[in-house]
Amino acid sequence: MTAHCPEDPSLERHFKGHRDAVTSVDFSLNTKQLASGSMDSCLMVWHMKPQSRAYRFAGHKDAVTCVNFSPSGHLLASGSRDKTVRIWVPNVKGESTVFRAHTATVRSVHFCSDGQSFVTASDDKTVKVWSTHRQKFLFSLSQHINWVRCAKFSPDGRLIVSASDDKTVKLWDKTSRECVHSYCEHGGFVTYVDFHPSGTCIAAAGMDNTVKVWDVRTHRLLQHYQLHSAAVNALSFHPSGNYLVTASSDSTLKILDLMEGRLLYTLHGHQGPATTVAFSRTGEYFASGGSDEQVMVWKSNFDVVDYGEVLRKQRPPATRASSSGTLTVSILEQRLTLTEDKLKQCLENQQLIMQRTTP
């Protein structure tokens, strides 16, 4: 779509280089790099600076199903149909460490907010947690009875959420390793799940064309969207927590306003299924990928000044982790308080509007 006014999301640029469907995209912390995985067995690391050459990382023996930057941006994880996870250093050399992770396709990989551990999900029906720097398997979560498509840590790292072809979303306590709750409201396979930046709720996407949002404290279904005409393959929360972007096999991306519970935009860019979507860490951009082999970068054009700027100004200095020497950036607490304040402010604004319109 073309941008009619500055507030509309606009297509900034698109990257061509993959030779098969794009499966996954993720931005680095500083938004200077964008990683993508593809059915062509390669990872690409694209530079947001124009005229910079992309890196192509070859190492996996089969389709790359997922990519995720570590919170500091110094490492990049990928999972593959070859049953392994690789941790890459995203520079021109592209060196990687291999984890023989599962006995079937690895569908999902996600770093904890402190970067010390990561979680994987697989067609072997398990979710596994690993130590990043000790390069060691920690424990397995195995109550799903079908393929696990996605697993994510909560922003505070205390919970893990997983989505499966057994039509459930499961919430796990990382310390006790117990399943805290199973959400069974999906009418089909659950393709993707993620935590709201505040950590208080989760959104899940399904093959039944729906997106559902649950409160993880009360386990109540908060919102239910049936806006796509085909399977929803991925979703991503804007860092403010106010918006959600979805990618669907109906070839569209949709942006939802979570505060008002309504559809804001439908974006047409991909030819064929849109398979993946992710906001940048400040929310200024989002990237999408599709079975058309394209990676597209969109400018959000909303909430940037009142959220992105604040985040950049208030970002505390990076702290150096003693043992590993990698930088860990502790902007999470900052982000959570900002989100809560923002939420309160939005609710207060809504009340004011209601008072003005009520006779």
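One-based numbering along the chain as shown.
Glycine is no exception: its Cβ is also placed from the backbone N, Cα and C atoms.
Same-chain neighbours of the repeat 'WD' (15-56): 62-69, 71-73, 76, 78, 80, 88, 90-92, 94, 273, 275-282, 284-285, 287-297, 329, counting only residues six or more beyond its ends whose CB sits under 8 Å from a CB of the stretch. Among the features that TrEMBL reports, repeat 'WD' is placed at 15-56 (among others).
Taken from TrEMBL, the feature repeat 'WD' covers 57-88 (among others). Within the same chain, residues 20, 23-30, 33, 35-45, 94-111, 113-115, 118, 120, 122, 130, 132, 135, 318, 326-329, 332 sit at least 6 positions outside the repeat 'WD' (57-88) and bring their C-beta atoms closer than 8 Å to a C-beta of that stretch.
Within the chain carrying the repeat 'WD' (99-140), a Cβ under 8 angstroms from the stretch's Cβ atoms is held by residues 65-72, 75, 77-81, 83-87, 146-153, 155-157, 160, 162-164, 172, 174, 177, 321, 323-324, 326, 328, 332, all 6 or more beyond its ends. Per TrEMBL, the feature repeat 'WD' maps to 99-140 (among others).
Using a Cβ-Cβ cut-off under 8 Å and counting only residues 6 or more beyond its ends in the same chain, the repeat 'WD' (141-182) has close neighbours at 104-105, 107-108, 110-114, 117, 119-123, 125-129, 188-195, 197-199, 202, 204-205, 214, 216, 219, 332, 335-336. According to TrEMBL, the repeat 'WD' annotation covers 141-182 (among others).
Outside the repeat 'WD' (183-224), and at least 6 residues removed from its termini, the chain residues within Cβ reach (under 8 Å) are 146, 149-156, 159, 161-165, 167-171, 230-237, 239-241, 244, 246, 248, 256, 258, 261, 335-336, 339-340, 343. Look at TrEMBL and you will find 183-224 (among others) tagged as repeat 'WD'.
What TrEMBL records for 225-266 (among others) is repeat 'WD'.
Tertiary neighbourhood of the repeat 'WD' (267-299): same-chain residues 1, 9-31, 34, 36, 38, 44, 46, 48, 230, 233-240, 243, 245-255, 307-308, 311-312, selected by CB-CB distance under 8 Å and a gap of 6+ residues from either end. As annotated by TrEMBL, repeat 'WD' applies to 267-299 (among others).
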Residues of the repeat 'WD' (183-224) by DSSP state, where helix covers H, G and I: 0 helix, 22 strand, 20 coil
Residue counts (helix, strand, coil, in that order) that DSSP gives for the repeat 'WD' (15-56): 0 helix, 22 strand, 20 coil
